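Chemist: What follows is a single structure, and I will ask about it in a moment.
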Amino acid sequence: MLGILARTMAKDLWYKVKPCGRLVRPVAPTRIPGRYLSHQEGLPKLPVPSLQQTCERYLATLEPIVDEEELSHTKELLAEFQKAGGVGERLQKGLERRARKTENWLSDWWLTTAYLDYRMPVVVHSSPGVVLPRLEFSDRQGQMRFAAKLIAGVLDFKTMIDNETLPVEYLGGKQLCMNQYYQVLSSCRVPGLKRDSVVNHAHRSRPPTHITVVHNFQFFVLDVYNSDGTPLTVDQLYMQLEKVWSSSLQTNKEPIGILTSNQRNSWGKAYNNLIKDKTNKDSVRAIQKSIFTVCLDAPMPCVSDELYHSRAAVQMLHGGGSRWNSGNRWFDKTLQFIIGEDGSCGLMYEHAPAEGPPIVSLIDHVVEYTKKSEMVRTPMVPLPMPQKLRFNITPEIKKDIEKAKQNMNIMVHDLDVKVIVFSHFGKNVPKTHKMSPDAFIQMGLQLAYYRMYQRCCATYESASLRMFKLGRTDTIRSCSIDSANFVKAMDDPAKQKIEKVTLLEKAVKAHRAYTDMAIHGQAIDRHLLGLKLQAIEDLTSMPEIFMDTSYAVANHYNLSTSQVPAKTDCVMCFGPVAPDGYGVCYNPMAEHINFAVSAFNSCNETNATHMAQRLEEALLDMRMLLESTPKAKL
């Protein structure tokens, strides 16, 4: 089930910047030696929950998704596992020892297990995309001008990272770990034959000063700092991008970047073959070292305004296939900003180094930056020509590229993405009824799924562990006994409205309680994974609870979900984690909600459009229930 876990790393949700932390660059930012480190040192370590607590909570989460016979069998296995002096106690003590010796008992295991060992392509199966609001331009001048502003905005954010002047984020009055902000720039995933790695060049003695720009499948190195260390102005960047554009007019080039979309073992093999050639190796290294990548995309096929967001989502997720922009990427790069000639704009990120919050903070900052009018006068200094990266394509590499194209096109045809702007209400309605907006939306998802399939399913929602040093995520299990009771009652004509409202309130409160438990390091999923990995490390036989059908059902997420709140009116999207599942991401704004729903066409039982419609109906029915019930008017 570890493979399934890998894609469920939907993006951290529960964070906010302290009110004073408006993303404004300080007038004269100065590096405060050790400021970041001293902040990190003050953070608590991730706890190891008690064995009994996790076993009890695990059983409770199984109740709505497995049958009685299976549940009874699992109870017996858990009783055996928890016996004094037994295997569970031994593994628990091993985990506690590991927690004492390390900064974070989970972080290294998680990076390896969830990402670097995962062998499915990062495209669709791991890397999320973000769709930004559509821009007004529809020509290359507009595309270049916006790209130049965007690059300047990212460099402005980078200054805060470099100077350690980023506002510290808080949750419930507690400081959050800021480590992930220091992992997203100048970093890249590197394929291996059995396990990948991540390189980060930001902390080298001579950090990179260039970005990669890709246009018509051709890669360029663009230095973004002047010789005196100041970043290029927007005008300078615009002129440099024009040079890139003019130097890459022909499209008959081999799309070398499409190799990065392949299954990881296949890409690892092709990679080793590719970098045997010194020119190729130097070009690949230049991409890996770059601060980030900018993809100047060709226009995608025209669609109606209604379908635009869904089409933009697939452009951000995979580029639309080998005929369109899938070769205009380096999918291993941590950050890729995508700007189309038709006004489409967004990014995709490789998930191994970070969750969503650093990405969302960066997006919010950059979008605000691009709205500002230019005040800087550009010095009339001649700039060097951006360097085109060369690749020597052997017949074997050509064959690898053709295979990658075929595989990419199969993935493109299999993925169905539906983006909807739910315009009826946003966070305002649940708040009026004193309900958590996230819990309310999650109950809407539970109701939509139940109406489609007449059953409840294991549901993943990401919870941030950033209260702890080097914290990543744990799972909020949105499907509970309380949610099951609510969804079963909702369409039952024998139930009174007041009873349905009571059940909804109880389900929302249960979700809030689980969320609170998760962000404080007391959820069950990472603890169970830790016990399992401890057993592997100890070379003991695998405990039966991990070979049990219930464990397989619990980790088969038919709903993989994430709330990614942003100030920007954007939406994140990602693929399902199960062949018969859905990926659902949402950004709740004050008066509307942006949803992205994904499913695989190869599964006859799932349909992204139907799920999006059912979700819309469920949320409207829940509002109507609350507003038409006397209790709700008190």
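Backbone N, Cα and C define each Cβ position, glycine as well.
For reference, TrEMBL lists these features for the protein:
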DOMAIN    46-617  domain 'Choline/carnitine acyltransferase'
ACT_SITE  HIS351  active site, proton acceptor
BINDING   LYS427, LYS431, THR432, HIS433, LYS434, MET435, SER436, PRO437, ASP438, SER464, ARG512, GLN563  CoA binding site
BINDING   TYR460, SER462, THR473  (R)-carnitine binding site
Chemist: Rank aside, I only need the closest one: which of the binding-site residues LYS427, THR432, SER436, THR473, ARG512 has its C-alpha nearest to that of HIS351 (active site, proton acceptor)?
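Modeler: Answer for the nearest of the binding-site residues: THR473.
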Chemist: Write out the long-range same-chain contacts of LYS427 (CoA binding site), meaning residues 6 or more apart in sequence whose Cβ is under 8 Å from its Cβ.
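Modeler: PRO437, PRO588, MET589, ALA590 - these are the non-local Cβ neighbours of LYS427 (CoA binding site), listed in sequence order.
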Chemist: Whole-number answer please: how many Å between the C-alpha atoms of THR473 ((R)-carnitine binding site) and ASP438 (CoA binding site)?
Modeler: 17
Chemist: Does THR432 (CoA binding site) have same-chain partners at least 6 apart in sequence with Cβ under 8 Å from its own Cβ, and which are they?
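Modeler: Those within reach of THR432 (CoA binding site), by Cβ under 8 Å and sequence separation of 6 or more, number none.
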Chemist: Which of the listed recorded positions (HIS351, LYS434, ARG512) has the least company, meaning the fewest other Cβ atoms within 10 Å of its Cβ?
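Modeler: Each of the recorded positions HIS351, LYS434, ARG512 was scored by Cβ atoms within 10 Å; lowest is LYS434.
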Chemist: Need one number for the (R)-carnitine-binding residues TYR460, SER462, THR473: the maximum pairwise CA distance in Å, whole number please.
Modeler: 11
Chemist: Provide, as an integer number of angstrom, the distance between the C-alpha atoms of ARG512 (CoA binding site) and SER462 ((R)-carnitine binding site).
Modeler: 13
